[in-house]
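Please read the structure below before turning to the comments.
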Amino acid sequence: MLFHYSANACLLPICSLYGAAVTTVEGVGSTKTRVHPVQERLAKCHGSQCGFCTPGMVMSIYTLLRNHPEPTSEQMIAALAGNLCRCTGYRPILDACKTFCKESICCQRKTNEKCCLDQEDDLFDKEEKVSTRLFSTDEFQPLDPTQELIFPPELMRMAENQPKRTLFFHGERMTWISPVSLDELLDLKAAYPKAPLLVGNTSVAPLLVSSACNPHNLSLVKDILTNAMAEFPEEKTKVFSAVLQQLRTLGGEQIRNIASLGGNIISRKSTSDLNPILAASNCMLNLASRGRKQQIPLSDIFADEVGNNTITPEEILVSVHIPHSRKGEYVSAFRQAPRRENALPVTNAGMRVLFEEGTDTIKDLSIFYGGAVSTTVCAKQTCRILIGRHWNKQMLDEACRLVLKEIALPGSDNGEKVDYKKTLIVSFFYRFFLEVSQSLKTMDPCHYPGIPMEYRSVLQDFKTKMPQSIQIYQDTELSQSPQDPVGRPIMHQSGIKHATGEAIYVDDLPSVDGELFLAVVTSSRAHAKIVSIDTSEALKGPGVFDIVTAHDVPATNEFYYSNDPEIIFARNKVICVGQIVCAVVADSDDHAKQAAAKVKIEYEVLEPVILTIEEAIQHNSFFEPKRKLEQGNVDRAFETVDNIIEGEIRIGGQEHFYIETQSVLVVPKGEDNEMDVYVSTQHPAIIQEMVAASLGVPANRIMCHVKRVGGAFGGKLLKAGLLASVAAVAANKTSRAVRLILSRGDDMLITGGRHPFIGKYKVGFMNDGRIRAVDAKYYINGGCTPDESVLVAEVSLLKMDNAYKIPNLRCWAYACKTNLPSNTAFRGFGFPQSALVTETWITGVADKIGLSPEKIREINMYKENEQTHFKQKLDPQNLIRCWNECMEKSAYYSRKTAVNEFNKQNHWKKKGIAIVPMKFPFGLGKRYLSQAAALVHIYTDGSVLLTHGGIEMGQGIHTKMIQVASRELNIPMSCIHFCETSTTTVPNACASVGSAGTDVNGMAVKDACQTLLKRLQPIINKNPKGTWNDWIKEAFEQSVSLSATGYFRGYNENMDWEKGEGQPFTYFLYGAACSEVEINCLTGDHKNLRTDIVMDIGCSINPAVDIGQIEGAFVQGIGLYTMEELKYSPEGVLYTRGPDQYKIPAVCDIPEQFSVSLLSSSQNPYAIYASKGIGEAGLFLGCSVFFALRDAVTRVRNERGLKKTFALNSPLTAEQIRASCADDFTEMVIGSWEEGSV
């Protein structure tokens, strides 16, 4: 029997693969052989943007199709639960998946261009020619299982014929042994009791013993239990059902495929979702050692609450006995995690009760919790006391108080809040109480009342379903030439290569002769003097070549772009944890990292250590200048208003989490100080400038090359320059090529992200909802160096009005200087924070005067040609159109009524709905920042080579530039090639930031193409019926230059901060989003039910790319506002240093219904082909989910009579939602309801 398993390569020791056939993405299909249907459909459905995560998506889907050629949508969703994508928002990936599913997916059968899911007759304007098709299924090759790779016959023969033999693998630091029998394994464990038995995950030790006794991985356990559920009556399968429930969300399929049940048990980790339920269910462990067998209850290994010595080092866990449930026995499992799937739990539980026959008297009770302390714990005293009690409200109250007393939680650890865990402990027991009460009623309705109807919905956990989606955009005119690609949903030029693994990123570049690997050594102190650096042990390490410090920098080590420097290597002191102190170069990545860990640095702590915004305010620690904008007479306005509210909101930072970490390869050329720098960056020119300055050579000796970037979002600018300089200094010192690829943990530690933000506001308004005055202060945590912080503060001021006319306004912005890694540019650049503050006080005004938030928004929205608070003219006609269309397409009012109805009928689950408008100004503030150049060559065979200064990081800029050149030169896109962005072809290019890439580079490409066409025109006029190739040949023979540069001077933007006025922006994008959510009041968990977005992006150059950008940004916004939480120790050490602790949205987090409409008939005279720059704007619309959650929480509080105003901060995590839904359980934990609600 053949099984296909998807697996994470990093978790799969190569020694464990003996006898297995390994298929990688390159083996599935390639452009040289045949592109597999999975690869083709992912690319053609636009499921790839930056492309770095695409091979993983391909392998997950491919594996599923090998096992189930016609999968259900549930199987497909489960297969992708372990994959992450930071670019797409998952919708186009799921579109590709749907094409393989056997059941018809509703939204693929559109009748009369209407989505059959949508009940509204007015989804489309009858006048407009709109389209909802971003790809055509007719183009897809069919999936033919007979054409798949076969299992290698030699492995088959080996498995059948060869006698099994013990395998030994000897490595540099360990030995791996794979025994062939249980007896041999027991002998080995007797000889080497400390050697770990490895099944699944890796562990570093001198000797590893791998079990060849075919232990069951968790996927097999899941299948066995599923089959048992079908085979036995329900009464006997309650334990199986509870274990299965935990298995469905434990890791992703890739982890379940290699993780073992035994490993889960023996490791005794508190984060195991299985151990509490297995222990509570009286599962038995069968153990063996040489000459001895024993059977013990699984609960015994948790008897002393720290994991005792019940199992000796020589013993092997041979099997686990999972019992049938009995009559009158009820079993349940619970968990709450930062993300519903593929996330370690905050707290989990397993509970079992057995009643005296035919009664509700407790005969046996078992309660185990995990996630709370260092291992799984049993509430045994509580259970003992409750035996003999009736299953009623009195028992419930006593149980909750007993269990809180018994399960002692340590103080705050790793930034986690103990109160939330305690609340979950009692909330889980209450949920168990409800489940059992309802089951008792089902068994004997006469004796047991069950639970009220409005309580029942909480017994159902949120499930992930295949989302339904629709995308609406304006079709091209019939008069447009079929060859003209502008306005059409063209596939990303590298899409197929992304899907086949042939797309080259920095770390895919082949190794250079003599190449060295670099590992950085970072500071472990937030603010300290460096007393000494001891590198002696590190230099003795195998393969170590050299160590590089500030003393090795030939020229500039500190870059003064403002008063405070950006620093390559710390010299005498460190100013944050994660600052680079020195670097090790060695012959392999492993050797470099091992040596880096041996560098000893002695510190002398300096005062003060400033980590938070509050501490920066206290110490008056700011980057200059502080900025202020004012209009009207704020103080007088406050005297005349009917009401005033004051408040503050905190917004946490956000990690870029680009899937490709910071990467650079520096190759010295060997003469004239020349160097090639291959780097993952948004700004090759700044890399060139910084590397040249650090080495003390002219910029013309440094050649920067960028083929593509695996995601950036603002995080690959200045930091990429500093890291490239580190590698360049090492390459200069060693005269060798140097490769630096940061691990995810180091990347998150070193680089900083979106600025944490505190907004303080005072708002004056009239009883009818008109806002008359706002006084606000914004504080952003800039970190230890200036980076872009002052600019982010400025933009937060300029964009703070969002969609509203505020007649009297005073606003300050301060960039705080702290001892954290410096924060930097991030998609939206200050707007997502300051506009959230604005929307928060909008809802505060609504709460105060009893109007709905959407009414307050409508009353105060820009209505006619007006001026912004910095005196720039504005025509808000499309803002109003977006708002009205979003209202209509989302059926807002009828759904709001339905939400009210749902909330009346449900006590522990509540829904919320919100609609938010957006005005997003486009511009970089100064003309020189938006200049651009392009270089176009036409070769004598008629092919065209195009290059420009823009960087491809997933946003499809090269695809759009080829579309522009295709239209201008009137030739097919297939004739045009883009090679790379390089400082050798386009010098001094501006950064690809601020949504401006297509706008500015498009103008430059157009200019170059028009120059060439002008030169060709006389030849075309002479031979109008000739072909393109005829004209090019003739031009060459007439000595007409077939190469041209194009140039765009940039937008005429300016801002005078002294006067507080200017024209810092060129135009405005508009949008609106309506989101609906459902929350679980007992856990704080939520589900995104539906989102409708309407965006004005002018005339889209490529609707598939633009809609992908809107959706990807929106889902990143969901992350910012509801999930992604950075946690630091009191000493400034980042705890959340990887996907284990830091959760970005996954497939389970996107709305179940997701609609994006591009506003039709919108023109933008300022940009290429009347388009608009789209990359950033959609992120802010993610806050519609934040306000829908706020709406749901408000409804809970109103129902419970909690009148006190409450503040919700961002991210609005499950923890905050649970605390705000105050009830008896939060009261037990925290004190009073009102304390628990703030």
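Backbone N, Cα and C define each Cβ position, glycine as well.
Because TrEMBL annotations are produced automatically, they should be read as predictions rather than curated entries.
The signal peptide annotation in TrEMBL covers 1-27. Marked as [2Fe-2S] cluster 1 binding site by TrEMBL: CYS10. Under the heading [2Fe-2S] cluster 2 binding site, TrEMBL lists CYS50, CYS53, CYS85, CYS87. Per TrEMBL, domain 'FAD-binding PCMH-type' is recorded for 169-327. Residues or ranges marked as FAD binding site in TrEMBL: 197-204, 260-264, ASP273, LEU317, ARG335. Residues annotated as Mo-molybdopterin binding site in TrEMBL: GLN682, PHE713, ARG827, GLY994. The substrate binding site annotation in TrEMBL covers PHE829. The active site, proton acceptor annotation in TrEMBL covers GLU1176.
Cα of the residue listed as '[2Fe-2S] cluster 1 binding site' to Cα of CYS50 ([2Fe-2S] cluster 2 binding site): a span of 22 Å. For the recorded Mo-molybdopterin site, residues GLN682, PHE713, ARG827, GLY994 set the reference point as the centre of their Cβ atoms, and the other residues of that chain within 8 Å of it by Cβ are ALA712, GLY714, GLY715, ALA825, PHE826, PHE829, MET953, SER992, VAL993, SER995, GLY1175, GLU1176. Here the binding-site residues are CYS85, CYS87, LEU197, and the one whose Cβ sees the fewest other Cβ atoms within 10 Å is LEU197. Spanning the residues GLN682, PHE713, ARG827, GLY994 that the record associates with binding Mo-molybdopterin, the maximal Cα-Cα distance equals 13 Å.
Listed binding-site residues: PHE713, PHE829; maximum Cβ neighbour count within 10 Å falls on PHE713.
In sequence order, SER48, GLN49, GLY51, PHE52, THR54, ARG86, THR88, ILE659, GLY710, GLY711, GLY954, GLY1112 are the residues of the same chain, not among CYS50, CYS53, CYS85, CYS87, whose CB sits within 8 A of the CB centroid for the [2Fe-2S] cluster 2 site. Here ARG827 (Mo-molybdopterin binding site) is positioned 50 angstrom away from LEU317 (FAD binding site), judged by their C-alpha atoms. The closest partner of CYS50 ([2Fe-2S] cluster 2 binding site) among the recorded positions, by CA position, is GLU1176; the full candidate set was SER260, GLY262, GLU1176. Comparing C-alpha positions, GLY994 (Mo-molybdopterin binding site) sits nearest to PHE829 among the binding-site residues SER260, GLY262, PHE829. Looking just at the domain 'FAD-binding PCMH-type' (169-327), the mean pLDDT is 85. The most crowded of the binding-site residues listed here (SER260, ASN264, GLN682) is GLN682, judged by how many other CB atoms sit within 10 Å of its own CB. Recorded residues SER260 (FAD binding site) and CYS53 ([2Fe-2S] cluster 2 binding site) have their alpha carbons 26 Å apart, per Cα-Cα distance. In the structure shown, across all protein chains, GLY994 is the one of the binding-site residues GLY262, GLY994 with the greatest number of other Cβ atoms within 10 Å. Checking each of the binding-site residues LEU197, VAL199, ASN264, ARG827, PHE829 against CYS85 ([2Fe-2S] cluster 2 binding site) by C-alpha distance, the shortest gap belongs to ARG827. A separation of roughly 28 Å, to the nearest angstrom, links the Cα atoms of ASN264 (FAD binding site) and CYS53 ([2Fe-2S] cluster 2 binding site).
Taking the recorded positions CYS50, CYS53, ARG827, GLU1176 in turn and counting surrounding C-beta atoms within 10 angstroms, the largest count is reached at CYS50. Cα of ARG827 (Mo-molybdopterin binding site) to Cα of the residue listed as 'active site, proton acceptor': a span of 5 Å. Its own atom aside, the Cβ of CYS10 ([2Fe-2S] cluster 1 binding site) has 7 Cβ atoms within 10 angstroms in the protein chains shown. Rounded to a whole number, the C-alpha distance linking the residue listed as 'active site, proton acceptor' with CYS87 ([2Fe-2S] cluster 2 binding site) is 12 angstrom. Among the binding-site residues CYS53, CYS87, LEU197, the ones whose Cα is located within 10 Å of the Cα of PHE713 (Mo-molybdopterin binding site) are CYS87. Every protein chain considered, the tally of other Cβ atoms within 10 Å of the Cβ of VAL199 (FAD binding site) stands at 22.
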